[in-house]
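Here is what TrEMBL records for this protein:
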type     : residues : note
COMPBIAS : 8-25     : compositional bias 'Low complexity'
COMPBIAS : 79-88    : compositional bias 'Low complexity'
COMPBIAS : 106-115  : compositional bias 'Pro residues'
REGION   : 1-148    : region 'Disordered'
REPEAT   : 197-229  : repeat 'ANK'
REPEAT   : 230-262  : repeat 'ANK'
């Protein structure tokens with residue numbers, strides 16, 4: 001039968017005697033010290049049955065030690081399987097409890113982190129200095145700068161964004177901005193120019209009912225008979241609005257009363273809105289002009305466009321020519337009137353005639 005030596009512990013009297021003779025040493029409570037253990041002899045020794053009985057009797061008579069922090073049951077070998085699962089061995093990598101407490105609250109503010117490179121003397125003082133302003137900027141080769149150099153003169157730059165004057169004229173005529181129309185019209189090469197749909201500034205002013213702008217544009221000399229993509233003239237627009245006052249003004253300014261639209265071949269009198277207010281007055285005026293034109297004013301009418309004759313019986317005419325109508329349409333010719341110009345007579349197309357001459361374009365000036 002194998003015999004295992006049991007580690008011996010000093011008795012209380014021995015510890016008291018030692019403490020009385022030696023100075024008291026206070027141990028650090030945060031340091032864990034493993035109690036010294038005797039080396040267990042693993043060499044088996046043969047014991048007699050009497051020794052075994054005496055040993056068991058001594059173990060039974062000895063009082064059980066009080067459990068404590070460092071308590072270990074006696075008679076149990078260190079290499080027993082019950083104690084090998086949780087051995088209390090010091091962990092060399094675990095920090096001491098005191099060190100953990102110290103590292104939990106680092107000093108504030110923290111010290112600068114080491115960069116690993118030696119810093120030259122005076123670097124901190126140099127880096128804290130403000131940058132020196134010299135006015136000269138060094139650029140890499142091939143680069144340009146828009147910074148003004150020292151001693152250079154300031155160059156005055158005008159507006160880089162400029163709107164199209166014709167677009168402004170068209171919009172201001174539609175919106176009724178009379179002041180802008182008066183200013184911008186001098187910057188437009190031809191105020192009679194239309195947009196993509198053939199609509200001019202006069203079309204917009206007539207349709208929007210801005211009478212002051214209409215009078216200004218006509219007196220300025222814009223084309224009062226300009227037709228849009230469907231053949232609508234400003235007189236057609238005024239008739240569709242039943243605006244008899246604008247219709248009278250346009251007719252007296254050289255509007256073509258017999259000008260027709262392209263799609264439905266209608267004159268301005270045909271465009272009056274029957275269901276709208278002012279229809280009776282506007283339609284009566286326009287139809288009355290059509291009926292009396294060539295009769296009233298002793299039959300005097302004016303050419304509104306140039307015309308080159310296509311046949312021998314046609315009369316050539318230039319814009320603004322004053323002629324007298326001998327007789328109006330007959331059974332054979334409805335759209336052509338017989339007229340006399342100077343000492344010549346011939347047919348003239350009635351859609352190119354007006355009761356009054358067209359106003360000539362005004363001389364351009366900024367006055």
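Every residue gets a Cβ built from N, Cα and C, even glycine.
Note that the structure is a prediction, hence the values are computed from the model and not measured.
Mean pLDDT, taken over the repeat 'ANK' (197-229), works out to 97 on the 0 to 100 scale. Here the repeat 'ANK' (230-262) is broken down by DSSP into helix, strand and coil counts: 16 helix, 0 strand, 17 coil.
Each residue of the repeat 'ANK' (197-229) gets a DSSP state, and the totals for helix, strand and coil are 18 helix, 0 strand, 15 coil.
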